[in-house]
C-alpha cells in the first residue's frame, strides 16, 4: 500500500513503546502530524522519550478500543511484536476501513520520499545510525533520522525531523523487515546468526541480506565492514554491476583503512580518511568501526552530491571527542561512592563477549560485576554453550530468569536454572535471582569502591540502577 503523507493528519500507533515505533512516532509528531498510541503498562526507556515529545498514549493494549476513543484516524501503524489482526484495536481498524501498516512498511514508504541511507547488521546498527545522524546534523546538513534508542546528542531523543531530503534510518533484519526499505546508500556493520526463531539457519539470514542489497536504488552505494568475514563472503555473491561497493576496516584488505589505533584516557585515538588522531569518546573498539562507517558514508555523500563542509577535519574531530553516548549502549548511568554503574543492551553472545572483553581491557584494574538477564527462550536455547562461555568471563555474575518475548509461550524456569548451574561450574562467583528486585540487597553488599557494575541484556534488569 502506498502512503500519501500529504493527505494524512491523525496517526495511531499500536505498540508505541517499541524502540523503532517510538522513534517513528516522535519523527512524525515533529513533522506536524497528530500522533497517539497504545501499549502495555510496563515501563521502558521509551516512556520518557514519548513524554518528552508530549505524545499521549494508553496502557491497555489488550483491551483498548478505537471506537470508544471517539476520534478518527487516517492511518494505524503497528509494531511487529503483534500480529496484524491480533489485537482488538487492529480488528476495529480493519472494520472501520482505516489503513493498517507495520512500522517497517511505513519506514519503507518514507525511504522512497527521500535520499535514503539504511544501516543494517546483526550488531552495531543503532550506534552507527546515531553516529551518522550526529555527523550530518552537527555539520548543518539538516537530516531526517530514525534510530532505535535515545541519543544524548539528539537531546535524549531517538529521531530528528530535519528540513533536507536526507533520510537516515536504522533497519532491522528480523522477519526480513528491512526488505521494505529502498536505500540510495546502505551500510552493513556485520552479520551474525541471530533471530533463530525466524531464520532456520545462517544461510537463510545471509540470503535476506543479499535481498536487501538488491533493494539499493540504481547506482546505489554499499559500505561494508571488511573486518567481518561474513560480509566479505556476501560481497563475493553480489551480481549487480551498478552498485558502488566500498569497504572499511582495520585490516589491509579494506579500501579505506583505520590506522594508528591507540587508547588514551577515555578515548580511542585513530586515523581514517586522511584525518589524523581522531579521538572518539568510547571504551569499545567496535565503536571505532561504527564511527568510521558513518564517516565514510558522510564522505561519499558529500562527494557524490558535490558538497563541502568548511573546516571539515576540525569539525569531525570535535564531534567525535564530545560524543555523549546512547541509551543502553555501554551507558554510564552514574558514579557513586567510587563505583561506576553502566548499562548495555548486549543480548547475543558475540555482543556480550565484545562488550565484556572491551570493558575489561579498558578498565584493567576494576572488578567487573555483571548482572545479566537472558532475552528470549529460543536465543538462549540455540546459543546455550556460547552463553555459558562468554558470561563466565565476568569477575562476578548475577543471573535472572529468561525474559520472554511477546511471541513466546514457554516456561523459562528450567532453562534459566540450567544456564546458571553450567556457568557456576566454570565461575564459582555466579549467583541466581529469579526476579530482578530480589537481587538488590545482595548487589549492595557486594559493591566496593573501584568496582564496575553493569546491567546487560534486552530485558528489564536495567531497573536495578534505580535501587542501587
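First residue shown is number 1, and so on along the chain.
The backbone N, Cα and C atoms fix where each Cβ goes, glycine too.
The shown structure was predicted, so the numbers you read here are calculated from the model rather than taken from an experiment.
Now, the feature entries from Swiss-Prot:
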type    : residues                          : note
BINDING : 121, 122, 123, 124, 125, 126, 127 : ATP binding site
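A map of Swiss-Prot features onto the structure.
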residue	record	Cβ contacts under 8 Å, 6 or more apart
121	ATP binding site	128, 187, 188, 189, 190, 191, 225
122	ATP binding site	173, 189, 190, 191, 192, 193, 194, 348, 350
123	ATP binding site	189, 190, 192, 286, 348, 350, 351, 354
124	ATP binding site	189, 190, 286, 287, 289, 290
125	ATP binding site	119, 148, 170, 171, 172, 189
126	ATP binding site	147, 148, 149, 170, 326, 329, 345
127	ATP binding site	287, 290, 326, 329
Check: same-chain CB within 8 A of ATP site center, minus 121, 122, 123, 124, 125, 126, 127: 119, 128, 189, 190, 290
